[in-house]
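Some notes on the structure that comes next.
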Amino acid sequence: MPILEILDYAGVAVFAVTGALSASRKQLDIIGYVFLASVTGIGGGTLRDVILGATPVFWVTNPIYLLVCTAAGIAVFLSAHLMHSRYRLLVWLDAVGLSAYCVMGAAKGLEATGSPAVAMVTGMLTATFGGVLRDLLAGEPSVLLRPEIYVTAALVGSGMFTGATALGAPLIVASAIGILAAFLVRGGALRYGWTLPTGRAGPGRHPDDVM
Amino acid sequence: MPILEILDYAGVAVFAVTGALSASRKQLDIIGYVFLASVTGIGGGTLRDVILGATPVFWVTNPIYLLVCTAAGIAVFLSAHLMHSRYRLLVWLDAVGLSAYCVMGAAKGLEATGSPAVAMVTGMLTATFGGVLRDLLAGEPSVLLRPEIYVTAALVGSGMFTGATALGAPLIVASAIGILAAFLVRGGALRYGWTLPTGRAGPGRHPDDVM
Amino acid sequence: MPILEILDYAGVAVFAVTGALSASRKQLDIIGYVFLASVTGIGGGTLRDVILGATPVFWVTNPIYLLVCTAAGIAVFLSAHLMHSRYRLLVWLDAVGLSAYCVMGAAKGLEATGSPAVAMVTGMLTATFGGVLRDLLAGEPSVLLRPEIYVTAALVGSGMFTGATALGAPLIVASAIGILAAFLVRGGALRYGWTLPTGRAGPGRHPDDVM
């Protein structure tokens, strides 16, 4: 199986598990698990395909992805009570999914347009959009707004992949470099609380106090 | 007028009314009613068309849908003060819209791909996405996260439609079966509080207590 | 440079600045500024292109837009601490972006379909969607739900543009009329608190009190 296809299945599967873990945190029923697993698992790739005009999107032309999401939802439904901390597992799996998907999104963007700038953005957007959607639908505080490095990791991964490809690295090497770079950055942020400096301005006031 | 077109108008109209009822709950002006009516009415079908690559989307090629949404918004603006409980009306109309749209989405997905799995998912997604969008934009607690059966009803409806079609039922019979099944399940959930069992794990802690 | 291209860059740039201001209010890091700047800057136009089937979307075929968003994000990161009220600046720039984008969206919709009704809706949706997305992702109260006139301004602008075009006005004149009209309406709403009457029904109860 080609490397990009493996990455795609891996990204879908782990994001699907994070969606199901969110469903568990919200005490939904089994269909709720499968629904959030599916939306999270296929959300990023769907956005990528729609932006690039690669429609019908990937899971319409290959419904195996839907089976993967369904299986992930059911597996979490049956086992979530065994987990000590679902949120911690959620963010670590989200880190794995983000690492796989930033390379996958960059590769598809590069293939479709040849532009490294577009590749970095499609990589970043598709790696983060599944999680954004999951948090919005589940009513969780968005992982985007947490202080630890998040979007940066996706950008580093898609940037390293795009750079390595531009330097002539074979697909499998460039992919490995991109995935590892993204995971090291995001994993370090989770483990050691890595942050980048915020701007020098303080927090915003409530809109009603300003208008 | 063919059955699928009737379903499409019906789904758009009732979802538009639910969007306008949300606008009324938030005390928006008449343009706010029309805006939320339009987004809710055409949101699910727009997602369906974009995913399947059927662009320009349905309401661009046939702007009558926009008139339907506008009329629904104005009608609710003029009459909402007469209603005893807008939220109760909203969820019951949402149930009607969901029933029409899960069949409509499944039919379009089946026609475009021939895959029953894809049909069930396009049915489920398009039936629920209008309401998800409405709740997000209006800042209401998402109907997805309420305990009563919701997504399941859309899945039952699109599954019964897809199954009946696979067994050779004529379009109008399969549609009627799918719509009735979805409405019975969702209506029963609203009337009798039907739920499916939730997982065995407890509610999630706040992310800040976990990280 | 043709007038529509100028409008497009202007709309993207000012929306990008509003996204970066939101990032500043949430004390994100520099990548967070660039991310929210990009999503807000290109969000409305992306939705427009996807709905019309004009894919790959505009910033994939012309990545200069991404450089504009990145520059806007960095500029705000470096200067936000100098601003007295970021939220006030945000809503005024949002008004500029909305005025440029309602004309731009209407022009593209008219060109693609020839339908004035579709043009008004694509104008309205694309002018408001960037801000909606920004507020959702940043967890801010949606500008849609504030009492002052908002969607109405976009509708007036795209309506005036569409009407002037139908009456035979040259593109540059119709554009100027549309932009001015939208900005006068939205600016008046911000400066003088203009509102339209809300419906006669009171605010909604909490769903849990109704079900």
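Cβ from N, Cα, C; glycine included.
Here is what TrEMBL records for this protein:
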TRANSMEM  B:6-23  transmembrane segment
DOMAIN    B:6-79  domain 'Glycine transporter'
TRANSMEM  B:30-51  transmembrane segment
TRANSMEM  B:63-82  transmembrane segment
TRANSMEM  B:89-110  transmembrane segment
DOMAIN    B:92-162  domain 'Glycine transporter'
TRANSMEM  B:172-190  transmembrane segment
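Counting same-chain residues at least six beyond the ends of the transmembrane segment (B:89-110), those with a Cβ under 8 angstroms from any Cβ of the stretch are 4, 7-8, 10-11, 14-15, 17-18, 21-22, 25, 44-45, 48-49, 52, 54, 83, 116, 118-128, 130-131, 143, 150, 153-155, 157-158, 161-162, 165, 171, 174-175, 178-180, 182-183, 186-187, 190. With a cut-off of 8 Å between Cβ atoms, the residues of this chain six or more beyond the transmembrane segment (B:172-190) that come close are 3-4, 7, 91-92, 95-96, 98-100, 102-103, 106-107, 127, 148-150, 152-154, 156-158, 160-162, 164-165. Along the domain 'Glycine transporter' (B:6-79), the predicted structure has mean pLDDT 91.
In the domain 'Glycine transporter' (B:6-79), helix, strand and coil residues by DSSP number 63 helix, 1 strand, 10 coil.
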